[in-house]
Amino acid sequence: MRVILLGAPGAGKGTQARFITEKFGIPQISTGDMLRAAVKAGSPLGQQVKGVMDSGGLVSDDIIIALIKERITEADCAKGFLFDGFPRTIPQAEALKDAGVTIDHVVEIAVDDEEIVSRIAGRRVHPASGRVYHTEHNPPKVAGKDDVTGEDLIQREDDKEETVRHRLSVYHSQTKPLVDFYQKLSAAEGTPKYHSIAGVGSVEQITAKVLSALS
């Protein structure tokens with residue numbers, strides 16, 4: 001079971017990734033974790049990565065693909081894997097295909113932008129305890145105050161509407177074209193199978209739709 005999970009920030013990919021990896025006994029592979037592990041291991045590739053990261057550069061697709069090919073030969077990938085946050089661009093998707101890495105399923109968690117903005121921009125946090133509220137779905141007893149201490153709640157920089165909209169526009173320009181790429185590939189070659197799942201409703205409902213698409 002080799003899966004790519006796509007979806008905008010705030011679409012609920014992380015939650016679904018957890019259910020998929022548990023259900024099928026496969027690891028979740030994120031490029032960030034993989035790059036950090038390579039640097040820590042000090043392999044020749046890892047040293048290359050460290051050099052690029054130390055100079056503030058972006059790690060090239062060639063290096064990332066080489067790391068992925070290395071990573072998926074490890075024992076925990078025997079039953080497959082789930083890619084999280086990769087590929088992000090068409091060149092990465094093409095490089096993955098050219099490298100002979102076969103993918104069985106591409107799952108897009110599709111959520112409307114306005115729904116994502118409302119989900120994220122409504123979050124309020126109590127910094128000291130990490131308690132999270134939501135102005136609509138889980139409001140504090142007193143607006144703007146933590147239920148336990150009565151201290152002020154804050155809105156994190158990442159949760160502000162303009163930040164969320166900026167991240168969504170980056171997603172639409174960079175990653176959304178992958179949806180078309182995999183839809184066309186699926187139609188032409190029959191693999192990977194492409195599924196668009198509406199990421200609205202309860203977590204259980206969405207999970208049921210995702211797992212049924214994969215089985």
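Here the Cβ of each residue, glycine as well, is placed from N, Cα and C on the backbone.
The annotation ATP binding site is assigned in Swiss-Prot to GLY10, ALA11, GLY12, LYS13, GLY14, THR15, ARG123, VAL132, TYR133, GLY201 on the grounds of sequence analysis. What Swiss-Prot lists as region 'NMP' is 30-59. What Swiss-Prot records for THR31, ARG36, GLY57, LEU58, VAL59, GLY85, PHE86, PRO87, ARG88, GLN92, ARG156, ARG167 is AMP binding site. The region 'LID' annotation in Swiss-Prot covers 122-159.
Shown here: features listed in Swiss-Prot, placed on the structure.
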residue : record           : DSSP (3 states)
GLY10   : ATP binding site : coil
THR31   : AMP binding site : helix
GLY57   : AMP binding site : coil
PHE86   : AMP binding site : coil
ARG123  : ATP binding site : strand
TYR133  : ATP binding site : strand
ARG156  : AMP binding site : coil
Maximum Cα-Cα separation in Å among residues THR31, ARG36, GLY57, LEU58, VAL59, GLY85, PHE86, PRO87, ARG88, GLN92, ARG156, ARG167, which the record lists as binding AMP: 31
Alpha-carbon distance [PHE86 (AMP binding site); GLY12 (ATP binding site)] in Å: 16
Cα proximity to ARG123 (ATP binding site), best match among binding-site residues THR31, GLY57, PHE86, ARG88, ARG156: ARG156
Euclidean distance between Cα atoms of THR31 (AMP binding site) and TYR133 (ATP binding site), Å: 30
Fewest other Cβ within 10 angstroms of its own Cβ, chosen from the binding-site residues GLY10, GLY12, GLY14, GLY57: GLY57
Between GLY14 (ATP binding site) and THR31 (AMP binding site): CA-CA distance (Å): 14
In the chain carrying PHE86 (AMP binding site), residues 6 or more apart in sequence that have Cβ under 8 angstroms from it: ILE4, ILE29, SER30, THR31, ILE64, ILE68, GLN92
Mean per-residue pLDDT computed across the region 'NMP' (30-59): 87
